[in-house]
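Trainee: Okay, handing you the structure first.
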Amino acid sequence: MSDAEVPPAARGQAALLGPAEVRALAEEFGVRPTKQLGQNFVHDANTVRRIVATAGVGREDTVLEVGPGLGSLTLALLDVVDRVIAVEIDPNLAARLPVTVADRAPDLADRLTVVGADAMRVKPSEIPGEPTALVANLPYNVAVPVLLHLFSELPSLRTALVMVQAEVADRLAASPGSKIYGVPSVKANFFGAVRRAGAVGRAVFWPVPKVESGLVRIDRYAEPPWPVDDENRRRVFAVIDAAFAQRRKTLRAALGGWAGSPAEAERRLLEAGIPPSSRGETLDAAAFVRLAATHP
Ligand SMILES: C[S@@+](CC[C@H](N)C(=O)[O-])C[C@H]1O[C@@H](n2cnc3c(N)ncnc32)[C@H](O)[C@@H]1O
């Protein structure tokens, strides 16, 4: 037998999932994909390899994967990184994943830990290890809260490469002044540099979703330009939420509630070097940090 004829699992590599395998596993496990849990499974080996390559992860990384599902991306990650900690909310999928990995990547199975939990609420104490990277095909309806929760709670995460709905990817990576710049853009920028990292079509999923997908990469600031402790994050996020809750109003008006009165909002805006007649959509994360610092 030539090397090419030896199956990947026998070569110590993961046997990735194609369309037939995804359907067969779903049938075997009795999986009926739900919209509520954003269950669209990738059945294309090139897509999962591209995600892993774009994440820039390697043997030195412990990867946190949110929503491993049937294991498409998990198997591709196991080929490349030191450890994968997979957080899955669906108890059936969480229980089945180690079995799939033992079958399709027997030599790599001890690199995987599965945690049955809700990634929007998971606590650092439930994660066995210090993940250096988040790599995930996120459930679309909770992608932004999951991303922000994990960057807030896990300071060891230095980078993230996530697949999300294309529109959400655009919003996360938007710059000040753009129409789609908003709460997700500024909050993600509080933690690090954000950029679009590619597009993914609908055909690589089962079931086929209604929307296109996009890749986003976030690299945490190696030397944060501002304090990133919990207290400062809460303060900064509070003023971001207030500014965008009434995005058409000037900041003087929109921040009246946050500051106590429009006059006090004006005073604080001037103290932070921000024109009171400007709108939230023109401010970068640094400006929101300065503004939050004026809060007594
Ligand atoms: C878009 S699918 C991705 C599945 C797999 N990673 C893939 O690429 O084929 C999203 C996965 O996230 C899981 N999920 C949904 N909400 C979750 C949550 N709050 N916490 C953890 N996992 C969640 C779903 O059960 C599903 O397995």
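The backbone N, Cα and C atoms fix where each Cβ goes, and this holds for glycine too.
Sequence annotations record features per position, and here Swiss-Prot assigns S-adenosyl-L-methionine binding site to Asn40, Val42, Gly67, Glu88, Asp118, Asn137 based on sequence analysis.
Show me how these features fit into the structure around them.
Mentor: In the three-state DSSP assignment, the secondary structure recorded for Gly67 (S-adenosyl-L-methionine binding site) is coil.
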Trainee: If you measure every Cα to Cα pair among Asn40, Val42, Gly67, Glu88, Asp118, Asn137, the residues listed for S-adenosyl-L-methionine, what is the largest value in Å?
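Mentor: Value for the max Cα separation, rounded to a whole number: 21 Å.
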Trainee: Near the Cβ of Val42 (S-adenosyl-L-methionine binding site), how many other Cβ atoms are there if near means within 10 Å?
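Mentor: Total other Cβ atoms inside 10 Å, all chains included: 23.
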Trainee: Give the helix, strand or coil assignment DSSP yields for Asp118 (S-adenosyl-L-methionine binding site).
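Mentor: For Asp118 (S-adenosyl-L-methionine binding site) - judged by DSSP and reduced to three states - the answer is coil.
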